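K.L.:
First, the structure itself, so that you have it in front of you.
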Amino acid sequence: MKSVTISATTKAFSLECSDIAPDKSISHRCAMFSLLSDKPSKIKNFLLGEDTLASLSIAEQLGASIKRNGGDVEITPPTKLSEPSNILDCGNAGTGMRLYAGLLSGIEGSFILTGDKYLRSRPMNRVTIPLRNIGAKIDGRENGNLAPLAIRGGDLKSFKYASPIDSAQIKSALILAALQADDSSLYKEELLSRDHTERMLSGMGAKITLQSDGWIKIDPLTQPLNPLNITVPADPSSGFFFAVAAAIIPNASTVIKNVTLNPTRIEAYKILEKMGANISYLEKENIYEPIGDIKISYNGKLSSVTVENNIAWLIDELPALSIAMSVAKGTSLVKNAKELRVKESDRINTVLTGLNACGVTTIEHEDGYEIMGGTLNSATINSYGDHRIAMSFAIAGLLAEMQIEDTQCIDTSFPNFFDILSQITQIKD
Ligand code: S3P
């Protein structure tokens, strides 16, 4: 298990990041959606993280031919997706497993989806139940809840489904199934979750419309989609670690270049702004979604905040936001965030365990937590194999030396994280 020590620093920095990891959600979708075309898709700046490379490898096992030169990827789909001769390994990626479950449910053949020990303990019935209800044949441990999942693809019925959870993974799995169903389908969620799937598939020619009554209407495909031609923007969830760094170190600033400014993805920056950081957004282009730069500057001690709305829009950033809360003035509160318990780790538990090790007082609730802001003490932090826990506490290390155990998981989403962090402080193996 690789462990790393981050040294505290008081040195103001001004970081211009044009190498934040490419967006993970969009990269997964590039690998999968290119299979729905009959022409080669050209993707620039594909995320070379373990999770997204696993999705790319699955596309290859399904018959796509892939040419890759660094982050430049060309995916040529097969005329017909083929039954793979081996199991399909999604690594640590919930997105990979849930979206592929939706896609493969409608494809003739037998498919086994598996993943690492963490992914194999995460709930899959949120997709397997609605997929089974439209005719998918899926089995797995705990009656289809736990991977490995065995899928026998076949005919799917159209549906009308209101999801009890605001989740882009569930929505995307159901949209991918709906594209293969026998008639138009309807899907609804309470808060619009990240909408890369709708934007990208519509851009490729699929008929997916958000109706005025809040239902998303998906028409089945009548012909192959147009190929993708895309440069993946930087990942705002990865950039957010360096946003928090700038917000907590006096006189520091970070510019995150060429990042998606999709409103469903930048809510955490809005919260950091509410806590007192100076933040500005500069939109530069719009390719499937708005893309531009975000500048974050230190603006004095942060204030506490209550976070209870739009949780699906900042679910991935709550661990890093919790580091900001732990040094803010007053008590911060996170509510309605039960979903944190079923991420790469139980993040309510792993965030609070880490903060308590740093001497921060917290109160745990079933659907969130309270953090009494104060100072952070040096500590040894277990990441529990969760990339966002490892990176959040590495940023806390800027204020008090932190030894982070089990940092290998960072490679799932942000392989050059420590290269960027080393521009601000010292890192010892
Ligand atoms: C993702 C959706 C989110 C997010 C995950 C990536 C996606 O999960 O936490 O990191 O790419 O669709 P849920 O939509 O299930 O909350």
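Each residue, glycine too, has its Cβ placed from N, Cα and C.
Note that TrEMBL annotation is computational and uncurated.
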K.L.:
Select one of ARG199, ARG388: the residue that TrEMBL places in the phosphoenolpyruvate site alongside LYS24, GLY94, ARG122, GLN169, ARG347.
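P.N.:
Candidate in the recorded phosphoenolpyruvate site: ARG388.
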K.L.:
If you count, for each of the binding-site residues LYS24, ARG388, the other Cβ atoms lying within 10 Å of its Cβ, which residue has the minimum?
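P.N.:
Taking LYS24, ARG388 as the binding-site residues, the minimal 10 Å Cβ count falls on LYS24.
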K.L.:
For each of the binding-site residues (ARG29, LYS343), count the other CB atoms lying within 10 A of its CB, then report the residue with the highest count.
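P.N.:
Going through ARG29, LYS343 one by one, the largest Cβ count within 10 Å is at ARG29.
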K.L.:
Quick one: mean pLDDT on the domain 'Enolpyruvate transferase' (20-421)?
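P.N.:
On average, pLDDT over the domain 'Enolpyruvate transferase' (20-421) sits at 98.
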K.L.:
Between C-alpha atoms, which of these recorded positions comes nearest to LYS24 (phosphoenolpyruvate binding site): SER167, ASP316, LYS343?
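P.N.:
Looking at Cα distances from LYS24 (phosphoenolpyruvate binding site), the smallest one goes to ASP316.
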